[in-house]
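To start, the structure itself, in C-alpha cells.
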Amino acid sequence: MSNTDVGERLASIKHVILVLSGKGGVGKSSCTVQLALSLVNQGHKVGVLDIDLCGPSIPRMLGLENQQIHQATAGWVPVFADADKRLACMSIGFLLPSKDSSVVWRGPKKNAMIKQFLTDVYWGDLDYLLIDTPPGTSDEHLAAVEYLQEWNPDGAVIVTTPQAVALSDVKKEINFCEKVGLPILGLIENMSGFVCPHCAECTNVFSTGGGEGLAKHLDLPFLGRTPIDPNLVMLLEQEDKTQVPNVNDPDAEKEITGSIVETYQRCELSKIFAGIAKHLEESLSNKEQ
C-alpha cells in the first residue's frame, strides 16, 4: 500500500501522537498507558498502537494479554480495554503464539509490520492515536515517521527521567525529531521521586528537575513530572485490572471497580496525569493557532 492509504486509514483520527524516549527503562510505555487512560477519563476516544515490536508491554499493562485481534472487511479490529470501547489497542503481542515468544526480525520486516499496522487496522473514529515506540532513533521510528509524513502527525511527547545520563540520551531523541521535522508537543519527567505508601513523603531517588530544566533550556513545553507510585506498579503488573491494589496491605480484600479505565482513577498518579493530559491538549491548541 502507498502512503495515501495511511492517510485514508487515519482520516477519522483527530490527533496522532508518538511517544518517544532515547533511553530504555524510563517508563515510556507506562506513561503512554496513563496518558491514554487520562484522555479516556476526560471523555475522549483513544487508540494505542504499540510498535515496540521486540518488547510489546502495552497488552500486559492494559490487562489484554492472551487476547486476539479479528479480521473484518474493513481491516484488523483492535482489542478494546473497556466495555464502552473508548480505549482500543493494537500490538504485535496479539499476533505472537505466546507472551514468551521473541521477535527476531531484521529492519525490513519490522518496517513492513509497522506499515501494516498503519494501513490495515480499522480504528474507527478516534480523538487520539498514541503510538508507543521502542527506545532509540532507529528503524521503527524512521518507518513510523516516513509512513505518517503525508498525514502530518501532530508531534511527539518525550519521556525522560531526571538524571543526567537519561537526559543525554533524550537530547539525541529531540535532535532526531528536529532532523525528521516532527514537532515536539512536550516533555514528561517520569520517576521524579518516590512517594512512600506509608507516610506519603517523596524521596528523590533519581534527583528531580532535570527534565523540566532541559525543557526550559530548549524552549519546549514541559507537561509535568510524575513520581514512582507503588500502587500503579501493582495495577500494571497484576492480571486482574478490575481490583484496586493496596501496596500497604496486599492481603486485604480488594475493591472491584470495573475495567482498568475505572480502576486507574483510584491511583494517585491519575490526578497528576489528568493535568499532563490537559497540558498536552493546550500544547496541541497552541500548535494549531
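Heads up, the Cβ atoms here are built off N, Cα and C, so glycines get one too.
Nobody curates TrEMBL annotations by hand; they come from automatic prediction.
According to TrEMBL:
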- Gly22, Lys23, Gly24, Gly25, Val26, Gly27, Lys28, Ser29: ATP binding site (BINDING)
- Cys196, Cys199: [4Fe-4S] cluster binding site (BINDING)
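For Val26 (ATP binding site), the same-chain residues that are 6 or more apart in sequence and have a Cβ closer than 8 Å to its Cβ are Val159, Thr160, Thr161, Ala166, Asn190, Met191. Its Cβ placed at the centre, Gly24 (ATP binding site) has 13 other Cβ atoms within 10 Å. For Gly27 (ATP binding site), the Cβ neighbour count at a 10 Å cut-off comes to 20, with all displayed protein chains included.
Taking the Cα atom of each, Gly27 (ATP binding site) and Cys199 ([4Fe-4S] cluster binding site) are about 24 angstrom apart.
Cβ crowding, taken as the number of other Cβ atoms within 10 Å, peaks at Cys196 among the binding-site residues Cys196, Cys199. Sitting within 8 Å of the Cβ centre of Gly22, Lys23, Gly24, Gly25, Val26, Gly27, Lys28, Ser29, and not among those site residues for ATP, are the Cβ atoms of Ser21, Pro135, Val159, Thr161, Ala166.
Cα separation, Lys23 (ATP binding site) to Cys196 ([4Fe-4S] cluster binding site), rounded: 26 Å. Between the listed binding-site residues, namely Gly22, Gly25, Lys28, the fewest other CB atoms within 10 angstroms of a CB are found at Gly25. Cα to Cα, Gly22 (ATP binding site) and Cys199 ([4Fe-4S] cluster binding site) are separated by 34 Å. A 10 Å cutoff on Cβ-Cβ distances gives Lys23 (ATP binding site) a total of 20 other Cβ atoms nearby, all chains included. Cβ-based neighbour count (10 Å, all protein chains) for Ser29 (ATP binding site) stands at 24. For the pair Cys199 ([4Fe-4S] cluster binding site) and Ser29 (ATP binding site), the C-alpha distance works out to 28 angstrom.
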